[in-house]
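**Student:** Below: one structure in structure tokens.
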């Protein structure tokens, strides 16, 4: 026999956590990367990990509800929900792989482009499915649907606006960063060749700072002859 009180509690938790995930958590993680805040890659990963955990809880509650009231998972809301969770999981794995490659090469690779585009699609799908979920629960009335619609539209407009104004700056910063890293790589290689030609046997590298950027202070120790 269906425990109505328990069922309605799970329904409320399912809806509220889904809204929290797609209206606040995931957009916050995206915003951190767009604004290029300090340690933005790590913060982005932590926030999106929290989002994936919350979305998994949302999925489990949704499947439980469907079984309780004999709703097939092929219905539009459950089916889209399962699809969104699957894409988010793949997105999470792809983002982690992109981060590992970025740590090695320090450059924006094809995985990063795919990750960004799929992320936009998944966010829109999640927001849309949230609206469908509220429509699915017709007894809630128009109030929650209108409030959710306003929040979802605000998220989309804010994302488009920030991306539009921040996009050119990010591309310029990324291009300059790549040029600087390549320049340092060339200098490091030339220095290594010079030291090898001079017959240096030992060397150590320490790091300091001058002005606004890190510099390498190289101390060389040669054998006395």
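Quick reminder: no glycine exception, Cβ is built from N, Cα and C everywhere.
These numbers come from a predicted model, not from an experiment.
So TrEMBL has the following annotated:
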type	residues	note
DOMAIN	1-169	domain 'Cytochrome b561'
TRANSMEM	12-34	transmembrane segment
TRANSMEM	46-64	transmembrane segment
TRANSMEM	76-101	transmembrane segment
TRANSMEM	122-140	transmembrane segment
TRANSMEM	146-165	transmembrane segment
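In terms of burial and nearby residues, how do these features look in this structure?
**Tutor:** For the transmembrane segment (146-165), same-chain residues at least 6 beyond its ends with a Cβ under 8 Å from one of its own Cβ atoms are 19, 22-23, 27, 30-31, 34-35, 123-124, 127, 130-131, 134.
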**Student:** Near the transmembrane segment (12-34), which same-chain residues lie under 8 Å Cβ to Cβ, leaving out any that are not at least 6 residues past its ends?
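**Tutor:** Counting only partners 6 or more residues beyond its ends, the transmembrane segment (12-34) has Cβ contacts under 8 Å with 40-41, 43-44, 47-48, 50-51, 54-55, 57-58, 61-62, 65, 119, 123, 126-127, 130, 133-134, 137, 148, 151-152, 155, 158-159, 162-163, 166, 170.
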